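A.B. asks: Positions annotated as domain 'CAAX prenyl protease 2/Lysostaphin resistance protein A-like' by TrEMBL: 118-218. Per TrEMBL, the feature transmembrane segment maps to 12-32, 44-64, 84-104, 116-139, 151-169, 181-198, 205-223, 229-250.
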Amino acid sequence: MATRGAWSRSPWTFFALVFVLAAPFVLLGEFSGVRLPANLPLSALQFVVPLVAAAILVGINDGAGEVRRLLRAAVDVSSIRRRIWYAPILLIMPAVTLASYWLMRLAGQPLPEPRISWTAVLIYCVIYFIAGVAEEVGWTGYATSPMQQRWGALGGGAIVGTVWAAWHLVPYLQLHEPAWAFWQCAFTVAARVIIVWLHNNTGHSVFAAVLFHMTMNVTYSASEDGWSYDPAFAAPVMLVAAALVVALWGPKTLARYRFSSR
């Protein structure tokens, strides 16, 4: 199912534009030395870029009305008609985080006991919902449909995920070693496949992508506050989750459940 205006979109132009527009944020993160909450670099403020890039391109090609429609789609709660899908949207990331924490303990990593500040979690939810809207207007609302039309759901998701990971690479390296960044990029690509799966099974809901994106950032920040996060353990768990999704729903659409009774 193509979204309205998808055929007039140029995802490759969008990909180029998000890198160009992110450059000032990357430079600020590199030279300012300022850290945001959860020890994020200042370059994390580039989250606004996908929204800006998508709005520019849609505004030029389709007009202001289509820009407003794109923005509304990101906060359209009614777009998720099958409420059962709220379960994977909201629970996959906590499950991945707990599984990776268990693997770290199994591997003998020196870890503190996990602790969670629910006040901090609520604050993170608000902040990262806003950030998720800004990012997913671009990655999902603008780029995903044309990429799926050309490459299929898995192929399109993997390409968008690879670009998404590359776009985050410098901020990753501003805080962490190359090995950490490598595993976090692998995690990011797998997470994008999950997002496309959720998007395709919720009536192409951008809001579903926004909520899942929010849970990714909330669980990361909460784990940084209360216990260690290591993508070398989280990425394999997410890759297994993505592989299960592909095996059960099929790579072409990620929406045809293998054991459906229909």
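Placed from the backbone N, Cα and C atoms, the Cβ positions cover glycine too.
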A.B. asks: Which whole-number mean pLDDT does the model give the domain 'CAAX prenyl protease 2/Lysostaphin resistance protein A-like' (118-218)?
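C.D. replies: Residues in the domain 'CAAX prenyl protease 2/Lysostaphin resistance protein A-like' (118-218) carry a mean pLDDT of 97 in this prediction.
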A.B. asks: Going through 12-32, 116-139, 151-169, 181-198, 205-223 one by one, which has the most CB pairs that fall under 8 Å from the transmembrane segment (84-104)?
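C.D. replies: Of the candidates 12-32, 116-139, 151-169, 181-198, 205-223, 205-223 scores highest.
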A.B. asks: With a Cβ cut-off under 8 Å, give me the same-chain residues at least six positions beyond the ends of the transmembrane segment (12-32) that come close to it.
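C.D. replies: Beyond its ends, the transmembrane segment (12-32) has Cβ neighbours at 41-46, 49-50, 52-54, 56-57, 138, 142-143, 163, 167, 170-171, 174.
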A.B. asks: List, by number or range, the same-chain residues at least 6 past the transmembrane segment (229-250) whose CB is under 8 A from its CB atoms?
C.D. replies: 92, 96-97, 99-101, 103-104, 107, 109, 154, 179-180, 183-184, 186-187, 190-191, 193-194, 197, 201, 220, 223, 256-259
